[in-house]
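The block underneath contains the structure these notes are about, expressed in structure tokens.
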Amino acid sequence: MSDWLFLCGILSGVTTWLFGFGGGFVTVPLLYLLVTGAWGAQSVVRQQAMHIAVATSALVMLCSALLASWQHARTGTLCWRRLWAMLTGIAVGGTAGALLALEASGAWIRWLFVIYLLATVADCYLRAGFMTPPSRRVIPTVPHELTVGGIIGLIASFLGVGGSVMTVPLMRRRGVLMAEAAGMANALTLPLAATATLTWLLMA
């Protein structure tokens, strides 16, 4: 199992650095498969497999987002002053999402994860703005950023993903270059992963 966990970590780190998202999409399914494969059908651990995968993914994303944000800051592709409002909203939403996941059944989380994955892929390819960003940059208001951040944090924390799969397309549609969008997405993952991890540690 340790070899698979090592591979999971490598894939999560590579996708996080290159694209700003993908860590949770790699970590959650692989951890779920590893846990369900290692424990018997009647085991309490197996029954909590999805919760274990989501909680572990939050901690993994915290580590990878810290390193990736530091690297992006060094290369100049990260602008903190544009992110404070959304960072606040994501932190609050991250706590709420983790609390909801604690009360939800593993089956619900699993099916919502699959639906979310399919919807995200379809949105990136079918809706204009991600593959080719608009010609002008959009400057959002603080209330708008707080609201959007809260929604992103809630959904991402509930499913064990970093939220970057939502923030990268969002930034691209605002006219941000891909390298900058990846850097900003990693920074926005930090409050989500931190609050979600603390919630799981204290409440689970």
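Cβ atoms are placed via backbone N, Cα and C, with glycine included.
Summarising the annotation, TrEMBL assigns transmembrane segment to 16-40 (among others).
Long-range Cβ contacts of the transmembrane segment (52-71) within its own chain (Cβ-Cβ under 8 Å, at least 6 residues beyond either end) map to 9, 12-13, 16-17, 20, 23-24, 27-29, 31-32, 35, 45, 78, 98, 101, 109, 157-162, 182-183, 186-187, 189-190, 192-194, 196-197, 200, 204. Under the heading transmembrane segment, TrEMBL lists 52-71 (among others).
Here TrEMBL flags 83-102 (among others) as transmembrane segment. Non-local neighbours of the transmembrane segment (83-102) in the same chain are 51, 54, 58, 109, 142, 145-160, 163, 167, 184, 187-188, 190-196, 199-200, 203-204; each lies 6+ residues outside the stretch with a CB under 8 Å from one of its CB atoms.
If you look up TrEMBL, you'll see 109-128 (among others) marked as transmembrane segment.
Residues or ranges marked as transmembrane segment in TrEMBL: 148-171 (among others).
The transmembrane segment annotation in TrEMBL covers 183-203 (among others).
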Same-chain residue ranges lying at least 6 outside the transmembrane segment (109-128) that approach it to Cβ under 8 Å:
25, 28-29, 32, 50-51, 54, 101, 155, 158-161, 165-166, 169, 173
